Amino acid sequence: MFATGYTPYSSVVDQRVGFPQGPVGWQGAPQSPSSYIVKKILRLEIPTDTYPNFNFIGRLLGPRGNSLKRIEASTGCRVFIRGKGSIKDPGKEEQLKGRPGYEHLDDPLHILIEAELPANVIDARLSKAQEILEELLKPVDESQDYYKRQQLRELAMLNSPLREESPRLSPHPSPHPSPHQGGASPFS
(Lines of atoms letter the chains of each structure in order from A and count residues from 1; the text may use other names and numbers.)
(Lines give C-alpha, C1' and ligand atoms only; values in the text may rest on other atoms or scores of the structure.)
Protein backbone atom coordinates (compact mmCIF):
# COMPACT_ATOMS: atom_id res chain seq x y z
CA MET A 1 0.00 0.00 0.00
CA PHE A 2 2.86 2.42 0.76
CA ALA A 3 5.99 3.06 -1.24
CA THR A 4 9.38 3.34 0.36
CA GLY A 5 12.14 5.84 -0.31
CA TYR A 6 12.74 9.51 0.29
CA THR A 7 10.94 11.01 -2.67
CA PRO A 8 8.53 13.83 -1.92
CA TYR A 9 5.09 12.44 -1.31
CA SER A 10 6.47 8.92 -1.09
CA SER A 11 2.95 7.69 -0.87
CA VAL A 12 -0.36 9.46 -0.87
CA VAL A 13 -3.73 7.87 -0.31
CA ASP A 14 -6.54 10.07 -1.56
CA GLN A 15 -10.22 9.63 -0.89
CA ARG A 16 -13.30 11.78 -0.47
CA VAL A 17 -14.89 11.59 2.93
CA GLY A 18 -18.04 12.84 4.62
CA PHE A 19 -19.26 16.32 3.84
CA PRO A 20 -20.80 17.46 1.64
CA GLN A 21 -23.17 14.78 0.40
CA GLY A 22 -24.21 15.66 -3.12
CA PRO A 23 -24.12 18.90 -5.08
CA VAL A 24 -25.85 21.07 -2.45
CA GLY A 25 -24.01 22.27 0.66
CA TRP A 26 -24.69 24.45 3.67
CA GLN A 27 -28.01 26.32 3.45
CA GLY A 28 -28.68 24.93 -0.02
CA ALA A 29 -25.80 26.77 -1.69
CA PRO A 30 -24.23 24.96 -4.65
CA GLN A 31 -21.18 23.02 -3.54
CA SER A 32 -17.77 23.71 -5.04
CA PRO A 33 -15.52 20.68 -5.67
CA SER A 34 -12.74 22.46 -3.74
CA SER A 35 -14.79 22.31 -0.54
CA TYR A 36 -15.06 18.53 -0.49
CA ILE A 37 -13.38 16.97 2.52
CA VAL A 38 -10.54 14.78 1.32
CA LYS A 39 -8.38 12.36 3.30
CA LYS A 40 -4.73 11.91 2.34
CA ILE A 41 -1.94 10.01 4.03
CA LEU A 42 1.72 10.69 3.36
CA ARG A 43 4.59 8.43 4.44
CA LEU A 44 8.10 9.64 5.30
CA GLU A 45 10.90 7.20 6.04
CA ILE A 46 13.04 7.81 9.14
CA PRO A 47 16.71 7.25 8.20
CA THR A 48 17.59 4.96 11.12
CA ASP A 49 19.76 2.75 8.87
CA THR A 50 21.96 5.72 7.95
CA TYR A 51 21.99 7.22 11.48
CA PRO A 52 21.44 4.30 13.90
CA ASN A 53 22.47 6.24 17.03
CA PHE A 54 20.42 9.39 16.44
CA ASN A 55 17.30 9.76 18.62
CA PHE A 56 14.76 10.62 15.91
CA ILE A 57 11.73 9.73 18.04
CA GLY A 58 12.83 12.00 20.90
CA ARG A 59 13.51 14.83 18.46
CA LEU A 60 10.09 14.42 16.82
CA LEU A 61 8.10 14.05 20.04
CA GLY A 62 9.84 16.61 22.23
CA PRO A 63 9.07 17.04 25.92
CA ARG A 64 5.87 15.15 26.77
CA GLY A 65 5.00 14.99 23.07
CA ASN A 66 4.60 18.77 22.86
CA SER A 67 6.75 19.26 19.75
CA LEU A 68 4.66 16.82 17.74
CA LYS A 69 1.44 18.30 19.14
CA ARG A 70 2.55 21.76 17.97
CA ILE A 71 3.24 20.45 14.45
CA GLU A 72 -0.21 18.88 14.40
CA ALA A 73 -1.86 22.07 15.68
CA SER A 74 -0.07 24.34 13.21
CA THR A 75 -0.74 22.18 10.14
CA GLY A 76 -4.10 20.57 10.92
CA CYS A 77 -2.54 17.16 10.13
CA ARG A 78 -2.19 14.14 12.39
CA VAL A 79 1.31 12.68 12.69
CA PHE A 80 1.96 9.05 13.62
CA ILE A 81 5.34 7.41 14.28
CA ARG A 82 5.11 3.81 13.10
CA GLY A 83 7.34 0.83 12.36
CA LYS A 84 10.01 -1.14 14.18
CA GLY A 85 11.15 0.88 17.18
CA SER A 86 8.02 3.04 17.41
CA ILE A 87 7.00 1.44 20.72
CA LYS A 88 9.18 2.52 23.64
CA ASP A 89 9.34 -0.90 25.32
CA PRO A 90 11.04 -3.44 23.00
CA GLY A 91 9.50 -6.34 24.95
CA LYS A 92 5.99 -4.99 24.49
CA GLU A 93 6.73 -4.31 20.81
CA GLU A 94 7.76 -7.94 20.37
CA GLN A 95 4.52 -9.11 22.03
CA LEU A 96 2.38 -6.90 19.79
CA LYS A 97 4.17 -7.85 16.57
CA GLY A 98 1.86 -9.77 14.23
CA ARG A 99 -1.34 -8.76 16.04
CA PRO A 100 -4.12 -6.98 14.14
CA GLY A 101 -3.47 -3.24 14.07
CA TYR A 102 0.27 -3.67 14.65
CA GLU A 103 1.32 -4.84 11.18
CA HIS A 104 3.39 -1.65 10.88
CA LEU A 105 5.89 -3.12 13.37
CA ASP A 106 7.25 -5.30 10.53
CA ASP A 107 8.14 -2.14 8.53
CA PRO A 108 11.15 0.12 9.06
CA LEU A 109 10.60 3.15 11.30
CA HIS A 110 8.51 5.76 9.46
CA ILE A 111 6.09 8.66 9.89
CA LEU A 112 2.53 8.83 8.60
CA ILE A 113 1.09 12.29 8.05
CA GLU A 114 -2.69 12.14 7.78
CA ALA A 115 -4.98 14.99 6.84
CA GLU A 116 -8.74 15.13 6.42
CA LEU A 117 -9.35 18.64 5.11
CA PRO A 118 -11.07 20.55 2.29
CA ALA A 119 -9.59 19.74 -1.12
CA ASN A 120 -8.47 23.33 -1.65
CA VAL A 121 -6.16 23.35 1.42
CA ILE A 122 -5.11 19.76 2.03
CA ASP A 123 -2.04 19.74 -0.24
CA ALA A 124 -0.64 22.95 1.27
CA ARG A 125 -1.13 21.64 4.81
CA LEU A 126 0.47 18.26 4.01
CA SER A 127 3.40 20.04 2.33
CA LYS A 128 3.90 22.24 5.39
CA ALA A 129 3.85 19.22 7.74
CA GLN A 130 6.24 17.35 5.42
CA GLU A 131 8.62 20.33 5.29
CA ILE A 132 8.72 20.65 9.10
CA LEU A 133 9.19 16.91 9.65
CA GLU A 134 11.85 16.50 6.97
CA GLU A 135 13.82 19.28 8.65
CA LEU A 136 13.60 17.41 11.96
CA LEU A 137 14.77 14.20 10.27
CA LYS A 138 18.11 15.81 9.38
CA PRO A 139 20.55 14.79 12.12
CA VAL A 140 22.37 17.74 13.69
CA ASP A 141 25.43 17.68 15.94
CA GLU A 142 24.23 18.25 19.51
CA SER A 143 26.44 21.31 19.97
CA GLN A 144 24.75 22.95 16.96
CA ASP A 145 21.18 21.75 17.63
CA TYR A 146 19.12 24.84 18.44
CA TYR A 147 15.88 22.82 18.27
CA LYS A 148 17.08 20.36 20.93
CA ARG A 149 18.20 23.23 23.18
CA GLN A 150 14.70 24.68 22.90
CA GLN A 151 13.20 21.29 23.79
CA LEU A 152 15.50 20.95 26.82
CA ARG A 153 14.56 24.47 27.95
CA GLU A 154 10.88 23.56 27.62
CA LEU A 155 11.43 20.33 29.57
CA ALA A 156 13.19 22.26 32.34
CA MET A 157 10.20 24.62 32.54
CA LEU A 158 7.76 21.71 32.61
CA ASN A 159 9.70 19.98 35.38
CA SER A 160 10.44 23.13 37.37
CA PRO A 161 8.66 23.57 40.70
CA LEU A 162 8.52 27.28 39.84
CA ARG A 163 6.12 27.07 36.93
CA GLU A 164 3.84 30.00 36.20
CA GLU A 165 0.82 28.24 37.67
CA SER A 166 2.71 27.57 40.91
CA PRO A 167 1.26 29.51 43.87
CA ARG A 168 4.82 30.34 45.09
CA LEU A 169 5.36 32.70 42.14
CA SER A 170 2.09 34.49 42.55
CA PRO A 171 2.17 37.74 44.53
CA HIS A 172 -1.14 36.59 46.03
CA PRO A 173 -1.85 33.77 48.46
CA SER A 174 -4.38 32.27 46.03
CA PRO A 175 -3.17 30.73 42.75
CA HIS A 176 -6.19 32.44 41.14
CA PRO A 177 -6.06 36.11 42.13
CA SER A 178 -9.26 38.07 41.79
CA PRO A 179 -9.32 40.84 39.17
CA HIS A 180 -9.60 43.39 42.00
CA GLN A 181 -6.21 42.49 43.48
CA GLY A 182 -4.28 43.76 40.47
CA GLY A 183 -0.73 42.63 39.84
CA ALA A 184 0.47 40.51 36.98
CA SER A 185 2.41 37.32 36.75
CA PRO A 186 6.17 37.92 36.46
CA PHE A 187 6.00 35.95 33.19
CA SER A 188 3.35 38.12 31.48
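Heads up, the Cβ atoms here are built off N, Cα and C, so glycines get one too.
Note that TrEMBL annotation is computational and uncurated.
Keep in mind that what you see is a predicted model, and the values were worked out from it rather than measured.
According to TrEMBL, the protein carries these features:
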type	residues	note
DOMAIN	38-138	domain 'K Homology'
REGION	157-188	region 'Disordered'
Counts of helix, strand and coil residues, the domain 'K Homology' (38-138), according to DSSP: 48 helix, 22 strand, 31 coil
Task: Averaged across the domain 'K Homology' (38-138), what pLDDT does the model get? Just tell me the whole number, please.
output: 93
